[in-house]
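Undergrad: Provided herewith is a single structure, encoded as structure tokens, for subsequent inquiry.
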Amino acid sequence: MEKLSGLSHLFMTIFLHNFSTFMVIPAITDVTMSALCPGRDQCSLAIYLTGFQQAIIGLGTLVTMPLIGNMSDKYGRKVLLTVPMSLMIVPSAILAYGRTRNFFYAYYVARTLIAMLSEGSVHCLALAYVADNVPESRRASTFGILTGIASSAFVCGNLSTRFLSTPSTFQVSASVAIAALVGIGKGKGKAIEQLTTPILTYKGSGKGKANAGCCANEIPSKDVRVFKSAPSLEDMLCLLKSSVTLSQAAVVAFFYSLAEVGLHASLMYYLKAQFHFSKDQFADLMVISGIAGTVSQLVIMPILTPALGETRLLAVGLFFTCVHVFLYSIAWTFWVPYVAAMFSILFVFSHPCMRSIVSKQVGSCEQGKAQGCISGISSFANVISPLVFSPLTALFLSEGAPFPFPGFSIMCVGFASMIAFIQSLMMRTAPPIANQKVVNTFYVDA
């Protein structure tokens, strides 16, 4: 409990950041449609632009996520957390000011460029920080708590959107994002000191030496070694090859992200075209999913993880991911998506279990690198997924569909999640690696 209380400031920052980020999601589809295709429930241009944006963001994060994770090992988590949290204020501020077509395009460009640098980095750095400060035996449940806090922010953000007007939604989002940034900058206490202190410090005294202790035995005393700012592709492949479990987790991460982003790219446009959903219905759907996910991660997951283990729980989560996606694809009336959203109570196990498995395959000096590598692989899936699923969605929602199956693209997303599930069944968790380096190619002579 003492460790978790030391993480309280990080948890509050993550809550505020996610509250700001998630509360705009139910409103953005209506803003996009009204700016590009006013008065219509189906708009291929909106679907293609959203898919293109997600592909470009994925391409950017493919490069930046391993870099950010690696740099956080050297410069400290707090410094790297501050940058994306500052930048993410801008898109919400633009739509808080205006939502006409010109303002939408300004938002579109700003959101694309900023997300290329920042998408997912806050969560990745938070995971690395938790791995630094929590024993391996409690890491999976703590990852679940962190994800549960993000889910509770998801619920609160979407619930707020349900009762706010569209202009107020973006104004509140920008204000909360500023509050999160101020909080991480002014926070004091043990957790913030650890966030500020670089994980690797090879010279000097005090906390820097203590934090570097895990690597002291691997760094020759005659030479000063420093991290390269950006790991090469060869370095990342070497890290993945160092553990069969890590390689299997990378495959799971790829297909899980392929399905997750594909669903995100298609679902709201599909529901709007099929059942005329708007901001309020999207918010209701997300609140149901978020409440189920929060209860699961904060209550059910800490109980099931010791009993079943992360590998089995990962397979359970991925199985119900398949079920809920397939249910969306064959939705025959407006209440079916609400039932599908309730499966969040089981499919939310996937992400924290996968990240916990990854964290146990590397030493404490490589947590940022390993999490950044997995996030980079997920980002590669983020590039491919919109390019595949957005055109499929636009095609099968149009009048020129090859056959009458509006949810066909959603069903294809389900097949991608099924591949991740099958791979998780073949995964065998190797013994955890504690306080040792897996790969030495990340070090170069200064």
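Keep in mind that glycine also has a Cβ here, set from the backbone N, Cα and C atoms.
What TrEMBL shows for this protein is this:
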DOMAIN    6-446  domain 'Major facilitator superfamily (MFS) profile'
TRANSMEM  7-25  transmembrane segment
TRANSMEM  45-67  transmembrane segment
TRANSMEM  79-98  transmembrane segment
TRANSMEM  104-131  transmembrane segment
TRANSMEM  143-163  transmembrane segment
TRANSMEM  169-185  transmembrane segment
TRANSMEM  249-270  transmembrane segment
TRANSMEM  282-301  transmembrane segment
TRANSMEM  313-332  transmembrane segment
TRANSMEM  338-358  transmembrane segment
TRANSMEM  379-397  transmembrane segment
TRANSMEM  403-422  transmembrane segment
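Tell me about the surroundings of these features in the structure.
TA: Residues belonging to the domain 'Major facilitator superfamily (MFS) profile' (6-446) score a mean pLDDT of 79 in the model.
Distant neighbours of the transmembrane segment (45-67): 29, 32-33, 36-37, 108, 111-112, 115-117, 119-121, 124, 229-231, 236, 261, 264-266, 269, 369, 372-373, 375-376, 378-387, 389-391, 393-394, 397; these residues of the same chain sit at least 6 beyond its ends, with a Cβ under 8 Å from one of its Cβ atoms.
Through the fold, the transmembrane segment (104-131) approaches residues 7, 10, 14, 17, 31-32, 35-36, 49, 53, 56-57, 59-61, 64-65, 68-69, 72-73, 77, 80-81, 83-85, 87-88, 90-91, 94-95, 139, 142-143, 146, 150, 194-195, 355, 359, 364, 367-368, 371-372, 375, 378-379 of its own chain, all at least 6 residues removed from its boundaries and within a Cβ separation under 8 Å.
Outside the transmembrane segment (143-163), and at least 6 residues removed from its termini, the chain residues within Cβ reach (under 8 Å) are 4, 11, 14-27, 123, 126-127, 130, 169, 172, 279-280, 282-284, 286-287, 289-291, 293-294, 296-298, 301-302, 305, 348-349, 351-353, 355-356, 359.
Only residues 6 or more beyond the boundaries of the transmembrane segment (249-270), in the same chain, are considered here, and those with a CB under 8 A from a CB of the stretch are 29, 42-43, 46-47, 50-51, 54, 58, 240, 277, 282, 314, 318, 321, 325, 328, 350-351, 354, 357-358, 361, 373-374, 377-382, 384-386, 388-390, 392-393, 397, 406-407, 409-410, 412-414, 416-417, 419-420, 423-424, 427.
Same-chain residues lying 6+ beyond the ends of the transmembrane segment (282-301) with a Cβ under 8 Å from its Cβ atoms: 22, 25-26, 29, 140-141, 144-145, 147-148, 151-152, 154-155, 158-159, 161-162, 268, 271, 313, 337-338, 341-346, 348-349, 352.
When Cβ-Cβ distances below 8 Å are used as the criterion, the transmembrane segment (379-397) is approached by residues 42, 44, 47-48, 50-55, 57-62, 65, 119-120, 253-259, 261-262, 265-266, 269-270, 273, 405-409, 412-413, 416 of the same chain, each at least six residues removed from its ends.
Counting residues 6+ beyond its ends, the transmembrane segment (403-422) has Cβ neighbours under 8 Å at 251-252, 254-256, 258-259, 262-263, 266-267, 270, 273-274, 315, 318-319, 321-322, 325-326, 328-331, 350, 385, 388-389, 392-393, 395-397 in the same chain.
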Undergrad: Give the nonlocal contacts of the transmembrane segment (169-185) in its own chain as ranges (CB under 8 Å, at least six residues past its ends).
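TA: Tertiary neighbours of the transmembrane segment (169-185) are 9, 12-13, 16-17, 19-21, 23-24, 27, 78, 81-82, 85-86, 88-89, 92-93, 95-96, 99, 160-161, 192, 195.
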